[in-house]
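The domain 'Protein kinase' annotation in Swiss-Prot covers 64-359, and the record cites sequence analysis as its basis. According to Swiss-Prot, the ATP binding site annotation covers I70, G71, S72, G73, A74, Q75, G76, I77, V78, K93, on the basis of sequence analysis. For T221, the entry in Swiss-Prot reads phosphothreonine, with the evidence type similarity to another entry. Residues or ranges marked as region 'Disordered' by Swiss-Prot: 405-464.
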Amino acid sequence: MSLHFLYYCSEPTLDVKIAFCQGFDKHVDVSSIAKHYNMSKSKVDNQFYSVEVGDSTFTVLKRYQNLKPIGSGAQGIVCAAYDAVLDRNVAIKKLSRPFQNQTHAKRAYRELVLMKCVNHKNIISLLNVFTPQKTLEEFQDVYLVMELMDANLCQVIQMELDHERMSYLLYQMLCGIKHLHSAGIIHRDLKPSNIVVKSDCTLKILDFGLARTAGTSFMMTPYVVTRYYRAPEVILGMGYKENVDIWSVGCIMGEMVRHKILFPGRSYIDQWNKVIEQLGTPCPEFMKKLQPTVRNYVENRPKYAGLTFPKLFPDSLFPADSEHNKLKASQARDLLSKMLVIDPVKRISVDDALQHPYINVWYDPAEVEAPPPQIYDKQLDEREHTIEEWKELIYKEVMNSEEKTKNGVVKSQPSPSGAAVNSSESLPPSSAVNDISSMSTDQTLASDTDSSLEASAGPLGCCR
């Protein structure tokens, strides 16, 4: 099964349909009708309206206007909208069939809980969550309202970035990852399509549906992220720690430099071959850590010496050196050489990457050392429930949010300037976009493949 994402570079025409449901029994007398109407009038009549968006119907609060579809994926459909209460543009994600099965329900619960807990400038902010249904029995739709960004990293990768922008984007990626790691959350699904940016070079990480607390190592599955960005320990089924995210950042950085995917494997085997052809066959010490069957296969592959990093990433691929003495090709290449290390034990940590000369020019303790998120459900990833039990848990979360956010704001954050989608320019398609549209679902966690928000592109402006 493939995922197909929709791109809208110009304003689409929508067939907008306003639907108010009444549903009375024609045999009931007038007094009964009046009583029924007064007592059972749906929330939809008072607060909501419905809009046809492609093959889906969005039933949203009236405060959200001018809905425009901007993306779709395995986990839902995303629309841009104007929030009349906050006077800003937002993204509204309708979760796709969240109660289809236990895996969908668990993922929906996990995403909702994590988004409510995490509060960092480099992680997408949850502004609101709601459902148009008024009872648990009717409950079937979940809408997440988030910040609206200008583009995803797929589009930015095709741009000629100078060292300042490249370094600043990487710094923000690492800040967001460190914040997640501080709560024991390993993202595991980092890729260009779930990292979004604004025209002022602000970067945010999306999606926590695949995030899993670090303590569940004994149940780790190798089928977690888009293949091109999978770390060797994931490909080889070794288990993983925080360094799995550093490998993904290295792959993204390398793609920024080369403007093409570093390791475009067609399968796990091909992916491993692509890695060792460029980086070399790992040492026997690493091989000893592998399971016997995997080790037997890996040791019987052709041996590769690998290429040096100056050959993998020659100066000609980098932008001209910055006036800043640390933002140079040599420093960028050194960082790549520390991130793209097959053995996770020898791979650079997030903390050390943030101290690297190519990155620490932006170092701000308030961003790097932000208080860790408090995950109130400590058994988030160990929970196992029936679909109905998951449904009740999610319903309680939504009702709790609605109660706390009568004015529609879950996290009290200032409205960023320039939040509108900039769709006046169209960027070349990214190689990573091709990855998304043709991505096969290996034995993922039952549709735990991708739910990225695909935003319209806008040019990157100046860094701070």
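Every residue gets a Cβ built from N, Cα and C, even glycine.
Note that the structure is a prediction, hence the values are computed from the model and not measured.
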In terms of DSSP three-state secondary structure, what is the assignment for G76 (ATP binding site)?
strand
Give the number of CB atoms, excluding that of G76 (ATP binding site) itself, located within 10 Å of its CB.
24
In DSSP terms, helix, strand or coil for I70 (ATP binding site)?
strand
